[in-house]
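**Student:** Just lifted these from Swiss-Prot, have a look:
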- 1-51: topological domain 'Extracellular' (TOPO_DOM)
- Asn11: N-linked glycosylation site (CARBOHYD)
- Asn27: N-linked glycosylation site (CARBOHYD)
- Cys42-Cys296: disulfide bond (DISULFID)
- Lys46, Tyr203, Asp204, Ser205, Asn283, Leu284, Arg285, Ala286, Arg287, Tyr303, Ala304, Thr305, Tyr306, Arg310: ADP binding site (BINDING)
- 52-74: transmembrane segment (TRANSMEM)
- 75-87: topological domain 'Cytoplasmic' (TOPO_DOM)
- 88-109: transmembrane segment (TRANSMEM)
- 110-125: topological domain 'Extracellular' (TOPO_DOM)
- Asn113: N-linked glycosylation site (CARBOHYD)
- Cys124-Cys202: disulfide bond (DISULFID)
- 126-147: transmembrane segment (TRANSMEM)
- 148-166: topological domain 'Cytoplasmic' (TOPO_DOM)
- 167-188: transmembrane segment (TRANSMEM)
- 189-214: topological domain 'Extracellular' (TOPO_DOM)
- Asn197: N-linked glycosylation site (CARBOHYD)
- 215-237: transmembrane segment (TRANSMEM)
- 238-260: topological domain 'Cytoplasmic' (TOPO_DOM)
- 261-284: transmembrane segment (TRANSMEM)
- 285-303: topological domain 'Extracellular' (TOPO_DOM)
- 304-325: transmembrane segment (TRANSMEM)
- 326-373: topological domain 'Cytoplasmic' (TOPO_DOM)
Amino acid sequence: MTEVPWSAVPNGTDAAFLAGLGSLWGNSTIASTAAVSSSFRCALIKTGFQFYYLPAVYILVFIIGFLGNSVAIWMFVFHMKPWSGISVYMFNLALADFLYVLTLPALIFYYFNKTDWIFGDVMCKLQRFIFHVNLYGSILFLTCISAHRYSGVVYPLKSLGRLKKKNAIYVSVLVWLIVVVAISPILFYSGTGIRKNKTVTCYDSTSDEYLRSYFIYSMCTTVAMFCIPLVLILGCYGLIVRALIYKDLDNSPLRRKSIYLVIIVLTVFAVSYIPFHVMKTMNLRARLDFQTPEMCDFNDRVYATYQVTRGLASLNSCVDPILYFLAGDTFRRRLSRATRKASRRSEANLQSKSEEMTLNILSEFKQNGDTSL
């Protein structure tokens, strides 16, 4: 096990208040409590599983996410034209996932290297920035996909004009702008720090110096870019399910794709997004307000659970390609057609090379004067 002190920075306001009460009332207990709370910080115990669990998850996400999203982008660019509105959102979702998985090799090395960051402060900031851009970009694009499907199912005629590709492009540009602006403070809060053992940490949140303001920022982004989209998605899906029950859509492609969409997106939120945001908030609160000797074991458990949810939060990059395959507009059919075409082309090339090789062999025999063939 490795001890990594969070900090020895006092919780200034609370400590000063307690110290003032102790001085005013002459109460040594309160004064000593103030002294403890102003100086004591739990030593964070990093157990061995964190050095193996996270890199194992990230390796899995990198392999599956890289292959799945590469195929998805290839399909959208070369085989899905003309795009529908929902294809625009899915392409942007695949792009966000692909950019994130490209950053994982550095993170994998970081954890195999016992969390000693060797890539510099700028790369650390960029790593954390891209993670959060992917996280909240994915949530917002899933919200757009859900709203798009809701309009198509519940108001199929009224929504014809609103579901055009041009409008989806405008919305996608707006989503990217919102996410980049909202996440840009991460470039300030994140960064590297030197531990007592001279190794370098890459903060996944921030140092204790900026922890309280980061907590406020984190809560604002959680409410605006997670809670509100989740409520909108649940509302859309409730109305979609209601429409599927009351409308005559038995065995229609729209019904099937809508059901797949509901199941996959809710699974992603239940497994990846909800646990991560709950445990991230608890971990920040523990670092801020639960710094007493009797709370250190609790803080260690919170931190360990938070690390588990960090791995789960990255799994959406593996699951999203399943969404394109099952719930996308004609994605599965065109992927099958593209693979068959590529297979036929490969067979034709192989046959052509075989014929060329045979002709070359016959030519060599003739040149050598061998007429036995």
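Including glycine, each Cβ sits where the backbone N, Cα and C put it.
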**Student:** Near Asn113 (N-linked glycosylation site), which residues of its chain come within a Cβ-Cβ distance under 8 Å, counting only those 6 or more away in sequence?
**Tutor:** none
**Student:** Which entry in the list of disulfide-bonded residues, Cys42, Cys202, Cys296, has its Cβ near the fewest other Cβ atoms, using 10 Å as the limit?
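**Tutor:** Counting other Cβ atoms within 10 Å of each of the disulfide-bonded residues Cys42, Cys202, Cys296, the minimum falls on Cys296.
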**Student:** Checking the contact step here: among the recorded positions Cys42, Cys124, Asn197, Cys202, which have a Cα within 10 Å of the Cα of Arg287 (ADP binding site)?
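**Tutor:** Cα within 10 Å of Arg287 (ADP binding site): Cys42.
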**Student:** Check for me, if you would, whether the transmembrane segment (215-237) reaches the transmembrane segment (304-325) - at least 3 Cβ pairs under 8 Å, residues 6 or more apart in sequence.
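**Tutor:** With fewer than 3 qualifying Cβ pairs, these stretches do not touch.
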**Student:** Counting other Cβ atoms within 10 Å, pick out the least crowded of the recorded positions Asn197, Asn283, Arg285, Tyr306.
**Tutor:** Asn197
**Student:** Most CB pairs under 8 Å with the transmembrane segment (304-325): which of 52-74, 88-109, 126-147, 167-188, 261-284?
**Tutor:** 261-284
**Student:** If I count Cβ-Cβ pairs under 8 A between the transmembrane segment (261-284) and each of 52-74, 88-109, 126-147, 167-188, which range comes out on top?
**Tutor:** 126-147
**Student:** Using a 10 Å cut-off on Cβ-Cβ distances across all protein chains shown, tell me which of the recorded positions (Cys124, Ala304) has the largest neighbour count.
**Tutor:** Cys124
**Student:** Please spell out the DSSP helix, strand and coil residue counts for the topological domain 'Extracellular' (110-125).
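**Tutor:** Reading the DSSP string over the topological domain 'Extracellular' (110-125) gives 8 helix, 0 strand, 8 coil.
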**Student:** If you count Cβ atoms within 10 Å of the Cβ of Arg287 (ADP binding site), leaving out that atom itself, what do you get?
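**Tutor:** I get 24 for this one.
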